[in-house]
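Asker: I have a structure I would like to understand better, so I am pasting it below and will then ask my questions one at a time.
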Amino acid sequence: MDQKTRILKNITVVSFAFLLNFTAYQSLQSLQSSLNRVEGLGTAGLAVLYASLLVSSVFLPKAIIKRIGCKWTISAALFCYTIYIGANFYATWATIIPASIVVGLCAAPLWTAKCTYLTESAVVYAKMNEEKAESVINKFFGIFFMAFQSGQIWGNIISSQVLNKRSGNDTEPVPESELQFCGAAYCTERTNSSNSNLEKPPINQVYMLCGIYAACSFISSIIIALFLDPLNQHADDKTQPKSQPKNYDESKDYTNMSSELKNRRDERDVNEKTKIRIDDSVEDRSNKFKPEQLIATFKHFKHFNQVLLIPLTIFTGLEQAFFAGDYTKSYVSCALGIFMVGYVVICFGVCDAIFSFTFGRLVKYINRWPLIAGAAALHYGILITALLWQPRPSSLPIFFLIAGLWGMADAVWQTQINSLYGTLFSFESEAAFSSYKLLESIGFVMAFGYSNYLCATVKIYILIGFLTAGILGYITIEIRPMKCCSKSEEFDVTND
C-alpha cells in the first residue's frame, strides 16, 4: 500500500471508530438529563465528566501520547467510554460519578491524539500532493466530522426505536398548566411530577439501549487496535519511487507548514523539529518526561491568538451542552416526551454531518470568516427564537427546524475552530489541541454544572454573552495581521 493510500485508509479508520463510539455516547449524553433526571444525576455526572476532562487536558494528553503514541491513546480512551455506558445499566451516584471521572480523564488524550493524528497526516498528504496544508487540514477535519456527527443520526434512531415501544402514557395530553413551564421558562425547581412526558422509560428498555451502545463503543476500540497504523509509520516508509533523485530528502514530506512560517525559520530546523514531532511517539517512549511537559497546555496561553480564542472555544462547549442537556429536556422532553428526543436529535445530526463535510471542503474556495460570520448570525437567531418561543405539541416542525439550524451552526464551529487551531498553531499542535479541549471542557462543565440551578432563560443569555465575546476575539485575529503586521509576520504572533 503506497503512502497516500495508507494515509486515506487511516483517516477512514479513525473516522469510522469515532462514528461507532459516539453513535453510542452522544445519544446517551442527550438522554442523561431526561433519563437520569432524579436529583439531577444525569447532568451532575456530565458536569463531573467534563470537569475531569478539564483536569486531564492540562496534565495527561502530551505525556500519554509521547508514552504510547496516538494509536494506542485513541484505542485505550475509546474503551473508557464503554465503562461509562456500562454504568448506565445501574445508574446511581456510586456508578455514574466514578465512570464519569474515568471518561473525563480519557477524553482529553483521545481528542488531542485524534487532532494530532489528523493534522500531521494532513501536513504529510499536502506536501505529497503539493497542496496547501490548511486546505488539506480543513478537508480531513471535514471528513472526520461528517462521520463523527452522523453518529447522532444512528444513535438516536436506535434510542427512538427502543424508547418508542412504551405504554400508552405518552399519548395522554399534558395539561396547559404544565406546558407553560416548558421552553425558556423551564426551571428545575418548578417542574411538577404530573408532567408525564418527563417520566423515565421502563427499565428493560434502558437495559436494551445500554447494551447496544456498549457493544458499539467496545467494537470501536478494537477497530483502532487492529487497523490503525501508528503515526510514525508515515515516516518509516523508506521505499521511494524510482523517479525520485538520490538526494531526495523524505523528511521534507512532513514540513508543509505555511509559507509564512517557512520564511521565518531555517529549513533544516523545520525538518528536524517536524520529524521529531512525528517520531516522538516512538523515540520518547523510553525517555523520562520533563516537568515542563505537564504544563505545556498552560504555556500555550502565552500566544495572544490563543487568548483571543478563549471565549469562542468555551462557547463551543456551552452550545453543545445546552443542546444536549437543556434543549432536549426543557423543550423536547417537556413538551413532547422523552421518546421524541431521538427524532429531534437525528435532525440535528443529519444537518451537522452534511454541513461538516460541506464546510470542510468549501474553505478550499472561500475564506473562513464568511462561515464564522454566518454561523454567528444563525446562532443569534436560534437563541433569540428560543427565548421568545413557547413550545407546544402542535408546533412540532419548529422543534426540528431549531435542531437542524443548530446542527448547521455547530458544523461551522467544530470544523472551522479545529482547523483554525491546526493552522495557527501547527508548530505545537499537541499543546494547542489540549488547550482547545480544556477550554471546550470549561464550557461543558459550566453548562452542566449550573443546569439544575438556573432557568433556561438565564442559560440562553449566557450563551449570547459568550458568543458575542468570542466573535469579537475572532475578528481581532483576522484583522491584526492587516493592521499591525505584514503578511510574512503573521506567525510571529504565535511564536513570540
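Residue 1 is the first one shown; counting continues down the chain.
Using N, Cα and C of the backbone, Cβ positions are placed for all residues, glycine too.
Grabbed the feature section from TrEMBL, which reads as follows:
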COMPBIAS  261-272  compositional bias 'Basic and acidic residues'
REGION    236-272  region 'Disordered'
TRANSMEM  7-28  transmembrane segment
TRANSMEM  40-60  transmembrane segment
TRANSMEM  72-90  transmembrane segment
TRANSMEM  96-119  transmembrane segment
TRANSMEM  206-228  transmembrane segment
TRANSMEM  307-324  transmembrane segment
TRANSMEM  330-357  transmembrane segment
TRANSMEM  369-389  transmembrane segment
TRANSMEM  395-413  transmembrane segment
TRANSMEM  460-477  transmembrane segment
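In the displayed structure, how are the listed features positioned relative to their neighbours?
Answerer: Within the chain carrying the transmembrane segment (7-28), a Cβ under 8 angstroms from the stretch's Cβ atoms is held by residues 1, 35, 74, 78, 81, 84-85, 88, 114, 117-118, 121, 124-125, 140, 143-144, 146-148, 150-152, 154-156, 158-159, 209-210, 212-214, 216-217, 219-221, 223-224, 227-229, 234, 324, 342, 345, 349, all 6 or more beyond its ends.
If one looks beyond the transmembrane segment (72-90) by at least 6 residues along the same chain, the residues whose Cβ comes under 8 Å of a Cβ in the stretch are 14, 17, 21, 24-25, 28, 35-36, 49, 64-65, 96, 98-100, 102-103, 105-107, 109-110, 112-114, 117, 206-207, 210-211, 213-214, 217-218, 220-222, 224-225, 228.
Listed by sequence, the residues of this chain that lie at least six past the ends of the transmembrane segment (96-119) yet keep a Cβ under 8 A from its Cβ atoms are 10-11, 14, 18, 36, 41-42, 44-46, 48-57, 60-62, 64-65, 70-71, 73-74, 76-78, 80-81, 83-84, 86-88, 137, 140-141, 144, 231, 418, 421-422, 426, 429-430, 433-434, 436-438, 441.
Here the transmembrane segment (307-324) has long-range neighbours at 26, 29-30, 32-33, 46, 50, 301, 348, 379, 403, 406, 409-410, 413-414, 417, 420-421, 436, 439-448, 451, 459-460, 462-463, 466-467, 469-474, 476-477, meaning same-chain residues at least 6 beyond its ends whose C-beta is under 8 angstroms from one of its own.
Long-range Cβ contacts of the transmembrane segment (369-389) within its own chain (Cβ-Cβ under 8 Å, at least 6 residues beyond either end) map to 183-184, 319, 327, 331, 359, 362-363, 395, 398, 402, 405-406, 408-409, 412-413, 416, 456-457, 460, 463-464, 467, 471, 474, 478.
Cβ atoms under 8 Å from those of the transmembrane segment (395-413) belong to residues 145, 149, 312, 315-316, 319-320, 323, 327, 331-332, 335-336, 340, 343-345, 347-356, 358-359, 371-372, 374-375, 378-379, 381-382, 385-386, 389 of the same chain, restricted to positions at least 6 beyond its ends.
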Asker: Mind checking which residues of the chain, 6+ beyond the ends of the transmembrane segment (330-357), have their Cβ under 8 Å from one of its Cβ atoms?
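Answerer: Counting only partners 6 or more residues beyond its ends, the transmembrane segment (330-357) has Cβ contacts under 8 Å with 26-27, 30-31, 33-35, 142-143, 145-153, 155-161, 163-164, 166, 170, 174, 178-179, 181-184, 186, 195-201, 323, 386, 391-393, 396, 399-400, 402-408, 410-412, 414-415, 456.
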Asker: Would you kindly list the residues that approach the transmembrane segment (206-228) from elsewhere in its chain, counting only those six or more residues past its ends and only Cβ-Cβ distances under 8 Å?
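Answerer: Same-chain contacts beyond the ends: 10, 13-14, 16-21, 23-25, 27-28, 35, 71-72, 74-76, 78-79, 81-82, 85-86, 88-89, 155, 158-159, 162-163, 200.
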